[in-house]
């Protein structure tokens, strides 16, 4: 039973990682052939693609009635994206920040985090609460649409775009990647539940750690690859966009499936840590217009301390 569950867990992570890799690769290819600039790619297209595992897992878990796993995965991924993924990247290499773009996207992220905390003070995330989160998501998409339109309206940014029919291979890869992510997510949910039962720990804890880490692998892979290739704008845009979507889109949609009961642990521990690490990132980014290596180490430290606290106090 244990070996079978472990193998299913590994299989699901391989499916999600490879599927997301194809998803991202084809999404970037399609967007570049369409003439979309990199910062837009990072904040929308790649964020959509790399957030697909979290979306599939949380929505699947909510549909199956495993609310703690659904909430834990979304919130845990948001914390993991900044603390582990971005913290690791910045600890390796200093990343320059476009203050104007970073501040606006950071503001959307902070608004998302604060709204989640305010709407769950009563111990649940209702369908109406979810609609409020989705409105923030739509606002973020509208902002990116306006930014994209402004770029395209500039004569210097106009270029010939590839016809849709000439992107058949990319579209096929995109759909195949999406299918792998969805199937892998269902297997990951089942494996996560089995592991929680076997270890005798709450599903929330597994969602915040193991499942969140597994679904954040695409963000980690994309961020490392983008940074090593010198495309830091995609790394930052992807993390900010993914976090906004983790909270507003994923929890917003999940709450439309069923009311999400929020544990006292989340209100007192998980959500405050999530907001703290978001504020740290935004402050670091706008004060010096760059993310220094020591700031990456600090973000990593906060994440590791948070995970340690989970196992010490909430097991």
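Don't overthink the numbers, they just go from 1 along the chain as shown.
Positions of Cβ are set from backbone N, Cα and C atoms, glycine also.
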Handout entry: Which listed span TrEMBL calls transmembrane segment, if the choices are 33-56, 201-224
Key = 201-224
Completion exercise
Contact set of the transmembrane segment (296-314) with the rest of its chain, CB cutoff 8 A exclusive, min separation 6+ beyond the ends, reads 79-80, 82-84, 86-92, 202, 204-205, 208-209, 265, 269, 273, 276-277, 280-281
Problem - Outside the transmembrane segment (102-121), six or more residues from its ends: residues with CB under 8 Å to it - result: 43, 78, 129, 132-133, 136, 139-140, 143, 236-237, 240-241, 243-244, 247-248, 251, 262, 266-267, 271-272, 274-275, 278-279, 281-282, 285-286
Handout entry: Sequence-remote partners of the transmembrane segment (266-284) [C-beta within less than 8 Å, at least six residues beyond its ends]
Key = 71-72, 75-76, 78-79, 82-83, 86, 102-103, 106-107, 109-110, 113-114, 116-117, 120-121, 123, 204, 208, 243, 291-292, 295, 298-299, 302-303, 306, 309-310, 313-314
Exercise for the section: Kindly say whether the transmembrane segment (127-145) and the transmembrane segment (236-254) touch, using the definition of 3 or more Cβ pairs under 8 Å where each pair is 6 or more positions apart. Expected result: yes
